[in-house]
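Novice: Structure incoming, see below.
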Ligand SMILES: Nc1ncnc2c1ncn2[C@@H]1O[C@H](COP(=O)(O)OP(=O)(O)O)[C@@H](O)[C@H]1O
Ligand SMILES: CC(=O)OP(=O)(O)O
Ligand SMILES: [Mg+2]
């Protein structure tokens, strides 16, 4: 019987999960899977440690499973799979840690309540991140649960990056820029030396249903396209990204929209979905001949290129770009268009390598290199969870021996 760590990663359109097994000194993947397209066309896929498909299910196009349905479905599936393994901890991705949580933490009811107070800052994520935690806490109070925060990786950013130009008393309330997708950026930072050992100034493009860019210098976050909430920065599947705050005032004053209607507009009805009027899913847009689908993709690429220039400026230049997450990993056309727009930085794309999905997608003599590296937020969460598990056990042992 192996000890097992379960990892849950609720994104805005997906619920990803991995079961890690402690085998001798190593932490190995036992199985890994996801429920994706939760609000469009849900699909469930699970692979074993060797990458073989062990379970699959597809719901009808337009059938919404939502996060609640996904959690219930996954709980039934995992109950069968755990079989001989002893579950010792569950690690969770929690998108917002606010000002207080800048490192992974062992959870209790008080912390969960505290984190619930940040829901307004991440309405598409925080409730879904906290839901399985609360269920497990009620049913298995002794099971170690660890929260790993998207915001934590960015706590190295300078005050000028973290601040809005608002009066101090508002900033002190925590109204400042945080940045997200930090577990993804932390994972990419940990493996990047295997690819581009010399690169000191890197921009990572995390392009999924949620999308952001991060400037990373000497392994530390310097700047990110996302700010106070995960609606900032790039246009995303259903989120608008950067917006003049005057637009919000206009919506209130002139269109008489209330807070909930504006939240729905900015988080769920905008981005690729709102602009195209067709879909939030990049696959559907790339397959479509509709001019609005094409315009939504053009806008997405344009805004990435613009943000890339801004982030390069924060580091005085860039040595390498890394593409990751759903779109970054699987859409060669988007990588190609972004790299072409970044030619001015000294990036020379290797078209064949990009089409083939190779790790290095820039030419050997390109001044700026470009890479395709699959992210693995679950792996990062498992590492943090294991560390806290070991610390908890060491503490218990020292209490017993003293
Ligand atoms: N083959 C593909 N081509 C283009 N886009 C893809 C492909 N596969 C996945 N995607 C995009 O990736 C997005 C999901 O990315 P992911 O990182 O899993 O999202 P989440 O933000 O939910 O974690 C989907 O919305 C889809 O648009
Ligand atoms: C923070 C965020 O946008 O996450 P995701 O991309 O998983 O939706
Ligand atoms: Mg994600």
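For all residues, glycine too, the Cβ spot is worked out from N, Cα and C.
Annotation comment: TrEMBL describes 9, 377 as Mg(2+) binding site. Under the heading ATP binding site, TrEMBL lists 16, 206, 207, 208, 209, 210, 281, 282, 283, 326, 327, 328, 329, 330. Look at TrEMBL and you will find 93 tagged as substrate binding site. TrEMBL lists 150 with the feature active site, proton donor/acceptor. Under the heading site 'Transition state stabilizer', TrEMBL lists 181, 239.
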Novice: Among 150, 281, 329, 377, all listed as recorded positions, which has the most CB atoms within 10 Å of its CB?
Specialist: 150
Novice: Enumerate in sequence order the recorded positions 209, 239, 377 whose Cβ-atom distance to ligand 2 is under 6 angstroms.
Specialist: 209
Novice: Specify the secondary structure state of residue 16 (ATP binding site) as given by DSSP, simplified to three classes.
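Specialist: The residue in question, residue 16 (ATP binding site), is strand (DSSP, three-state).
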Novice: Which secondary structure state does DSSP assign to residue 283 (ATP binding site), in the simple three-class scheme?
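Specialist: DSSP assigns residue 283 (ATP binding site) to helix.
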Novice: From the binding-site residues 9, 16, 207, 329, 377, pick the residue whose C-alpha lies nearest to the C-alpha of residue 239 (site 'Transition state stabilizer').
Specialist: 207
Novice: Nearest of the recorded positions to residue 281 (ATP binding site) by CA-CA distance, picking from 9, 93, 150?
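Specialist: Going through 9, 93, 150 one by one, the closest to residue 281 (ATP binding site) is 9.
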Novice: Within the chain of residue 16 (ATP binding site), which residues six or more apart in sequence place their C-beta under 8 angstroms from its C-beta?
Specialist: 8, 9, 10, 32, 33, 34, 377, 378
Novice: Let me make sure I understand the span of the ATP site: among 16, 206, 207, 208, 209, 210, 281, 282, 283, 326, 327, 328, 329, 330, what is the greatest distance between any two Cα atoms, in Å?
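Specialist: Output for ATP binders 16, 206, 207, 208, 209, 210, 281, 282, 283, 326, 327, 328, 329, 330: max Cα distance 19 Å.
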Novice: I'd like the number of other C-beta atoms within 10 A of the C-beta of residue 181 (site 'Transition state stabilizer'), please.
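Specialist: So the number of other Cβ atoms within 10 Å of residue 181 (site 'Transition state stabilizer') is 30.
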Novice: Just checking: which of 93, 181, 283, 329 have a Cα that is within 10 Å of the Cα of residue 150 (active site, proton donor/acceptor), counting only these recorded positions?
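Specialist: Near residue 150 (active site, proton donor/acceptor), where near means Cα within 10 Å, the recorded positions are 93, 181.
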